[in-house]
């Protein structure tokens, strides 16, 4: 429902029933102009690179220029190893998604039922903190835990059992992927639990239902959309994961993402393009099936009533479960830090002695300082650019209405769906063929593309909690559009902007799956340097570097959490 009202200066405005004011005389071209940088970036670099990828898959060789041919498509589907890689990709993604979901459901429920808000915050921070640490660092941690002389086989040996062959095999890859993507399942389930009416659970308990029956018959159907959403995200990310299967699979675990990397290294660009497109199509099909399942699960979903935490706290079983999950989540990080002080030149448990020489050894590593500088440089510039164009797009999507803007809004989230390996190869082909945005500039531009969805989601959410009448009131008092926005809206969303910037910086700084395709000979970013080092060596030098990155990431994550908390509190004050 929309009603008209007159504000100071005689301007006419429309008040929407959901709150907020939309000026009737606000020109639509302003919204289109604000969204144009995002649309241009996605059309040229994202959609353009995907189109070039399709063209490359139809070429006879990497040089192009020949008539379109299906030779490489025929070779792909006629290769038993490629078909087996499809099966391995689905198997690893399926196992990772199912195991992550099984772990995440009781974890989220236990965190939600905690009586103490302080312990709930600590628990959520523990579960989500590893998300802010380097993927390569976490993968390295699991190589230390699951290795022939790692802590797991040391514990197995205490019972007189032979060592387990887990490293460089499917179990190691699945375990690491579960650890990496577990937070992506916990978060949507926690959000769904926060919308469940607590009175429903209380009513079931009053009628004599046992806790398990109450959860299975009442709570579980209501949080099913969140469970499906988390499983969908984990499945998609596991399908496109490259670094973890490559490092922990040791060449024995062949998935589509690792085949793309291998094809590029052997200069088989058309076959790499075919494999990337197959991976993309499979990802889209899977996401479509999950979307259909989620729509069915919406029937009988939550009504949006916020539930209070359980008065009796969590049960003993949930407490034990949460402790086990905390150990699982923190173990790779702790073992990295401990191993960084080992006196041995290999990963072994227990440590034969203590030393700080590996931290000193970092200073003598060729290319490390340059790689660190490149990562910081790329992350800073991509964060600045994505904050500017992402905020412009978010304002456009939030304050202006048109079919074009709605389409751009949906399209802006597309980079979250497309596998990073596919984006990396497609961008490599585009930048190589066109010659524009050569070198670091091209990497920065593509980092902007993949971080743009995160910024738009966070900033749009923050804008939805602001009062648009403050901006309009400032303009009625004589302030220009930019000054009014800066004085009211920008000030209100500042905490969310800082948090979005910190998250964008971390995503860019830690990116490896896409960046590895874009670097020229002699160029390296820090994650790619770590990836290459782990392929060649297993000494604790990497543990020392990873320990420093873990400490840095946790500090950044904590600061981002504080800014988001400030933003939530500001949104609840009377002025907002």
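The backbone N, Cα and C atoms fix where each Cβ goes, glycine too.
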Worksheet item: In TrEMBL, which of 151-172, 173-194 is labelled transmembrane segment?
Response: 173-194
Discussion item. Transmembrane segment per TrEMBL: which of the ranges 60-81, 214-235 is that?
Written reply: 214-235
Item to complete: Choose the correct range: of 243-266, 267-290, which one does TrEMBL annotate as transmembrane segment? Give that range.
Response: 267-290
Worksheet item: List, by number or range, the same-chain residues at least 6 past the transmembrane segment (320-351) whose CB is under 8 A from its CB atoms?
Response: 103, 106-107, 110-111, 123, 126-127, 129-130, 133, 137-138, 140-145, 147, 149-151, 154, 179, 182, 314, 357-359, 538-540, 543-544, 546-547, 550
Item to complete: With pairs restricted to those 6 or more apart in sequence, evaluate whether the transmembrane segment (83-105) and the transmembrane segment (173-194) have 3+ C-beta pairs under 8 Å.
Response: yes
Discussion item. Would you say the transmembrane segment (117-136) and the transmembrane segment (173-194) are in contact under the rule of three or more C-beta pairs closer than 8 Å, pairs 6 or more apart in sequence?
Written reply: yes
Worksheet item: For the transmembrane segment (29-54) and the transmembrane segment (484-509), does the number of C-beta pairs under 8 Å, pairs 6 or more apart in sequence, reach 3 or more?
Response: no
Worksheet item: Any residues 6+ beyond the ends of the transmembrane segment (443-463) with a Cβ under 8 Å from its own?
Response: 38, 41-42, 45-46, 378-379, 381-383, 385-387, 389-391, 393-395, 397-399, 409, 412-416, 420, 423-424, 427, 437, 489, 492-493, 495-497, 499-501, 503-504, 507-508, 511, 514-515, 518-519, 525, 567
